[in-house]
Amino acid sequence: MSGVPFPSNLLPSPSSPEWLSKADNAWQLMAATLVGMQSVPGLIILYGGAVKKKWAVNSAFMSLYAFACVFFCWVFWAYRMSFGDTLFPFWGKPALALDEKYLFKQAFLGAFPNATMIYFQCVFAAITLILIAGAVLGRMNFYAWMMFVPLWLTFSYTFTAFSIWSTNGFLAKMGIIDYSGGYVIHLSSGVAGFTAAYWVGPRLNKDRERFPPNNLLLMLAGAGLLWMGWTGFNGGDPYSVGLDASLAVLNTHACTATSLLTWVFLDVIFFRKPSVIGAVQGMITGLVCITPAAGVVQGWAALIMGLFSGSIPWFTMMVIHKRSKLLQKVDDTMAVLHTHAIAGSLGGILTGLFAEPKLNSLFYGVYNKYVGLFYGIQMNMASTGRRQIGIQLLGILFVIFVNVVSTSLICLFIRLFVPLRMSEEDMEIGDEAAHGEEAYAIWGQGDKHENSNSKYGSSLYEDVEVAATTKNKRGSQIEMM
């Protein structure tokens, strides 16, 4: 019996070597594009709608510039500093990633070429810088931002990416679990953004007191792109179209929905009104919290993580922030400390608690090395579970230290050449002073509702001063002052 001929389109060829999985390559390119769309146009229009009208162009342009600048630097030197051969214990050797021979080789993970991996990792690096921008909107000198982006990418992002994600990184070898960037992207951007906001200084007092979004519907459109784009963000990190990719996507959306609802319920309980801005904040904290765990935890754990991510960052933002002199001093425009640093740290710790050994073996290919404390106790491997929690905590401390130090040094270096902050006169004007352009051909800042009682419209950090009371199961009163 003669053999059935193999379809010609599936035969190996110069453009399709035997090691290449066309399905995995196609999904990886699509996942990268989804992540890219989270930034362009997702965060561009989210920032453009969330800020005061006079800052819409500047906020959007900071994001667009960062995306382009990161891409340029990434292919010239930054990718191989993050994932290449070891230069120092925490760093890879800088080198071009543009040569055909290098681009067509199989990537260090996955059945696709280096070119695909470079693209995928680039959009992750780009969104990290754009998230940092959220902390300094409304006053950072654009020329300082133009310098900040390549410097921070080179001397901070590559450092943490190599240590945590590279196969040669010391935390990767120890066994840290950061499935899709809770540490490398979100904790880094939250800490770096808060640190940069400290050095740049605050917005004008009147802008800090009243900073209403100029277009809530536009902000919601950006938030929707951000949420749906997370399908590629977490679904692309198994580097294949397998079972763990499906689980990661489902867990991502389950956690996010739970977090959003939790945040909205807390707003209703304590502020008596559901807030659109609050819902977006809850959405973001849910997305961030599940990121380090998406493909390595069970669905029920994702729901629990959503409850935590919708409540703990809410409490730190609405209560602790207002009572802390340090937190009040630093003007973090988009609250990235809470939505990214705290939510990312929370996700990392909960990953150390709920990481399921079988799911980790699907992702890492190693069984019983990555064991959450919850399962470690069940399996009589409590010491392994405690070790995992310890590694997760060590990763948090490492990322905080690296980003505080590197971001501070970069800001101090930049201000030797250009001011970090715009002048008071230019901040009064906004986009017209910074770029000679305006977003809308209308007068005023859209501040018609001066008596608005939204807890988010006047300032992102309002104290919970009007106590809301609810009865607990025993009939006593629970108050939040």
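The backbone N, Cα and C atoms fix where each Cβ goes, glycine too.
From a predicted model like this one, the values you see are computed outputs, not experimental measurements.
According to Swiss-Prot, the topological domain 'Extracellular' annotation covers 1-28, 80-116, 163-180, 237-250, 355-393, on the basis of a curator's inference. Swiss-Prot lists 29-49, 59-79, 117-137, 142-162, 181-201, 216-236, 251-271, 276-296, 300-320, 334-354, 394-414 with the feature transmembrane segment, giving sequence analysis as the kind of evidence. Swiss-Prot lists 50-58, 138-141, 202-215, 272-275, 321-333, 415-481 with the feature topological domain 'Cytoplasmic', giving a curator's inference as the kind of evidence. Annotation source Swiss-Prot lists N-linked glycosylation site at Asn114, citing sequence analysis.
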- Message: At a C-beta cut-off of under 8 Å, are there same-chain residues at least 6 beyond the topological domain 'Extracellular' (355-393) that contact it? List them, or none.
- Response: 171, 174-177, 179, 238, 242-244, 247, 293, 295-298, 301, 348-349
- Using DSSP, what's the helix, strand and coil tally for the topological domain 'Cytoplasmic' (202-215)? 5 helix, 0 strand, 9 coil
- Range from 59-79, 117-137, 251-271 with the greatest count of C-beta pairs under 8 A to the transmembrane segment (181-201): 117-137
- Item | Surrounding residues of the transmembrane segment (117-137) on its own chain - C-beta under 8 Å, 6+ positions past either end | 28-29, 31-33, 35-36, 38-39, 43, 47, 51, 55, 58-59, 62-63, 66-67, 69-71, 74-75, 78-79, 82-83, 97, 103, 107-110, 145, 149, 152-153, 157, 161, 181, 184-186, 188-190, 192-194, 196-197, 200, 233, 236, 332-334, 336-337, 340
- Output the single range from 59-79, 216-236, 251-271, 300-320 maximising the number of Cβ pairs under 8 Å to the transmembrane segment (142-162). 59-79
- DSSP composition of the topological domain 'Extracellular' (80-116), residue counts helix/strand/coil, works out to 11 helix, 7 strand, 19 coil
- the transmembrane segment (276-296) touching the transmembrane segment (216-236) per 3+ Cβ pairs under 8 Å rule: yes
- Task: Please give the sequence-distant neighbours of the topological domain 'Extracellular' (237-250): residues at least 6 beyond its ends with Cβ less than 8 Å from one of its Cβ atoms.
- Result: 21, 23-24, 27-28, 107, 109-112, 179-180, 231, 294-296, 299, 302, 359, 362-363
- Task: Using a Cβ cut-off of under 8 Å, list the residues of the same chain at least 6 residues beyond the topological domain 'Cytoplasmic' (50-58) that approach it.
- Result: 137-138, 142, 207, 211-215, 219, 222, 277, 333-334, 429-432, 434-435, 437-440, 442, 444-446
- Run through the topological domain 'Extracellular' (237-250) and tell me, per DSSP, how many residues are helix, strand and coil. 8 helix, 0 strand, 6 coil
- Sort out the residues at least 6 away from either end of the topological domain 'Extracellular' (163-180), same chain, that have Cβ-Cβ distances under 8 Å to it, and list them. 82-86, 89-90, 92, 108, 233-234, 236-237, 248, 291-296, 348, 351-352, 355, 360, 363, 369-370, 387-388, 391-392, 394-395, 398-399
- In the same chain, which residue numbers or ranges, 6 or more beyond the ends of the topological domain 'Extracellular' (80-116), come under 8 angstroms Cβ to Cβ? 19-21, 24-25, 28-29, 32, 74, 125, 154, 157-159, 161-163, 165-170, 239-240
